[in-house]
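*Asks:* After the structure tokens below, expect a handful of questions from me.
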Amino acid sequence: MSGNLQKGDHSKGRIYAISRPVTFISLSVLSFLTRYFKLDEPDHVCWDETHFGKMGSYYINRTFFFDVHPPLGKMLIGLAGSLSGYDGSFTFEAPGEKYENVNYMGMRILCATLGSLVIPLIYLTVLELSQSVAAASLASLFVLFDTGTLTLSQYILLDPILLFFIIAALFALVKFQSLSLKPFQVLWWFWMVMTGLFLACAFSVKWVGLFVILYAGAYTAWDIWRLLADLTLSKMILMKHFLARVLCLIIFPVLVYIAFFAVHFYTLNKSGPGDGFFSSGFQSKLIGNRLHNVSMPEKIAYGSVITLKNHRAAGGLLHSHPHLYPEGIGAQQQQVTAYAYKDENNLWLIKKYVEEDTPVGQHDHVNVEFVRNGDFVLLEHVMTQRNLHSHELSAPLTRNHHQVTCYGENGTGDVNDVWQVEVPGAPEGAIIKVVQTKLKLIHVLTGCALFSHSRTLPAWGWEQLEVTCNPYNRDQRTLWNVEDHLNPRLPNISFEVFRSSFLDSLIESHIVMAQGNSDLKPKEGEVTSQPWQWPINFRGQRFSGYNNTEVRIYLLGNPVIWWGNLLVLMLFPVALFIWLVRRERGLEEDVRLKNLNESAFTSCSWLFFGWCLHYLPFFMMGRVLYFHHYFPAYLFNCMLSGILINHSLVLLDCHLLPNREGALYSSGLVVISAITLQSYYIFHPLSYGMVGPLADEANSTLTGLKWLESWEI
């Protein structure tokens with residue numbers, strides 16, 4: 001590091017009259033003041049509080065639910081609510097719902113506290129990288145006075161929790177790297193362990209925490225490469241370095257991550273709205289679930305009432321209801337879907353198909369006859385008494401598949417109702433068993449297989465999962481298993497034997513989360529955004545209020561800071577290229593400036609890499625995206641800007657005013673800080689609440705804030 005040479009260091013005594021601790025404390029106090037101000041407003045559910053507040057309630061009530069994110073953030077929200085006296089009874093039904101007498105502040109305080117800690121952590125990280133109070137202060141101010149990060153920090157969301165752990169991991173990594181000359185000492189071990197802990201926490205809040213893990217991995221690989229170049233180190237010492245990093249940065253974080261899931265499964269031990277996304281064995285562990293401590297017949301017989309669960313991850317239960325397919329969607333017969341939740345419309349009566357001279361669907365009501373591999377069967381929907389049916393008309397969404405319907409009256413239909421049971425790998429005549437048997441239902445006349453996947457039907461299909469008949473019957477999504485089984489003529493066995501182990505539950509949870517993430521699509525009328533829009537602050541996100549009679553909160557970055565950051569981001573590759581060319585050509589004469597350049601551009605290069613890692617992958621994601629996904633990358637941008645602006649001012653001061661050293665530098669810092677503060681003052685209503693006419697209405701006090709037409713202020 002060359003920080004003892006850099007301007008802005010308090011040891012020079014030229015620029016600052018305050019010490020590093022005073023700057024740190026001042027920024028920390030301002031951070032908490034801005035994040036805690038009006039924290040209780042609006043006193044109703046705002047934006048995604050409807051999800052994460054509700055999930056916090058589930059933890060308090062120990063009710064199982066499904067979410068696409070790992071559990072840590074929601075567990076912390078639930079813990080904060082519980083410790084602050086919230087009893088988990090509020091519904092969080094929809095944005096705008098009044099909290100009334102609900103003690104919601106504990107959960108908001110948690111998020112505001114972690115959001116507030118981001119600023120001092122950024123200060124300490126940049127200070128460690130640059131050894132410059134000025135650079136650290138600038139980076140902190142860019143976050144402190146940004147209306148976007150302020151807004152995200154004031155509500156019951158995962159974002160402030162995620163941002164805290166990302167920056168904490170980065171700070172711990174930088175501290176660990178700063179001790180590279182003191183390996184295997186207590187502090188060296190401490191900061192490496194803390195890096196691993198915070199990496200695990202970031203990934204345990206949202207999977208986008210993977211990006212900071214990749215960043216730490218690249219940083220560590222570069223560090224190991226430097227150690228390999230040190231010929232004074234023995235092979236044994238190199239091995240110790242390598243194993244220490246494997247232990248602290250791989251094995252330890254993995255164990256921490258798994259431990260969070262162990263707490264998650266232990267806490268959520270009651271049946272809830274997320275049961276249907278998981279396998280029958282998983283559900284059997286949940287108190288109150290139909291499959292918990294239940295006894296049911298093991299072998300399936302004709303005359304049994306069953307439910308069929310699609311065997312893929314997050315597969316639904318075969319379902320029907322009296323509603324018909326709309327005109328223009330195949331035959332206007334009864335809809336068949338897959339549904340993640342349990343209700344009576346999931347029940348099917350299994351009947352034996354007997355050939356021509358015997359009435360369709362007739363079976364022996366006296367003698368028990370088991371369903372076997374290779375049998376021809378009919379499935380009658382219990383609630384409507386129509387048979388599962390298919391024909392060669394196209395399915396509603398997957399047009400190269402056949403439509404599946406329910407057809408007939410009182411259990412009588414036609415030959416298109418006949419299906420053959422096929423159990424891959426099982427011998428002909430093998431008995432079908434509850435949960436254990438993975439079967440296919442092959443439509444006899446067309447040869448296609450009953451199929452379901454993650455595509456959801458439009459509103460006419462109640463946004464349930466599409467069920468089709470797939471001509472390619474080797475698709476793994478054509479596998480089903482019997483989940484519920486009712487037959488009073490058969491002996492029961494305990495379902496406990498089918499319970500999933502912890503490892504099975506862990507693996508299944510990740511498959512279901514991955515499936516859920518990939519299936520996230522925008523809802524009708526929902527405001528989403530594209531990655532290219534984020535750095536330019538093209539469009540924000542409504543948090544609360546839609547008209548001039550409501551208090552409106554709008555998630556939008558401070559445009560002065562964001563566009564300034566964007567300018568620095570675009571100029572950095574150019575500046576880096578110029579510096580590299582000058583260095584290679586030996587054009588740097590001043591040793592002091594050479595060291596300053598080396599320190600600044602190395603630090604900025606790593607921060608630029610961090611920005612790329614946290615931003616560019618979103619261009620390859622197929623799921624729905626929102627503006628708030630950019631904020632981890634934004635923090636890296638702020639740190640880069642702080643260091644590069646400070647360094648540029650140092651260089652300008654040296655070259656333009658060599659006889660008045662410090663004058664241009666100090667003036668530049670004052671002007672940038674003043675502009676940042678003024679822009680915060682102008683745009684702070686976005687975060688703390690706007691009232692009165694909308695910006696595009698007459699006599700609105702907000703007209704001056706709408707710099708772009710795309711801003712819905």
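Cβ atoms here come from the backbone N, Cα and C positions, even for glycine.
Predicted automatically and left uncurated, TrEMBL annotations should be read as such.
Source: prediction; values computed, not measured.
Taken from TrEMBL, the feature transmembrane segment applies to 15-33, 105-123, 157-176, 188-221, 242-266, 560-580, 600-619, 631-652, 664-683. Residues annotated as domain 'MIR' in TrEMBL: 297-353, 368-424, 429-485.
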*Asks:* Could you tell me whether the transmembrane segment (157-176) and the transmembrane segment (631-652) are in contact, taking contact to mean 3+ Cβ pairs under 8 Å with a sequence separation of 6 or more?
*Replies:* yes
*Asks:* Could you give the number of helix, strand and coil residues in the domain 'MIR' (297-353) as assigned by DSSP?
*Replies:* 3 helix, 28 strand, 26 coil
*Asks:* For the transmembrane segment (600-619), which partner among 105-123, 188-221, 242-266, 560-580 gives the most CB pairs under 8 Å?
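*Replies:* Maximum Cβ contact count belongs to 188-221.
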*Asks:* For the domain 'MIR' (368-424), what is the mean per-residue pLDDT, to the nearest integer?
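*Replies:* Taking every residue of the domain 'MIR' (368-424) together, the mean pLDDT is 95.
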*Asks:* Which sequence-distant residues neighbour the transmembrane segment (242-266)? Criterion: at least 6 residues beyond either end, Cβ under 8 Å.
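*Replies:* Answer is 70-72, 75, 184, 189, 192-193, 195-197, 199-201, 203-204, 213, 216-217, 220, 224, 285, 502, 505-506, 509.
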*Asks:* Sort the residues of the domain 'MIR' (368-424) into helix, strand and coil with DSSP and give the three counts.
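*Replies:* Output for the domain 'MIR' (368-424) reads 3 helix, 29 strand, 25 coil.
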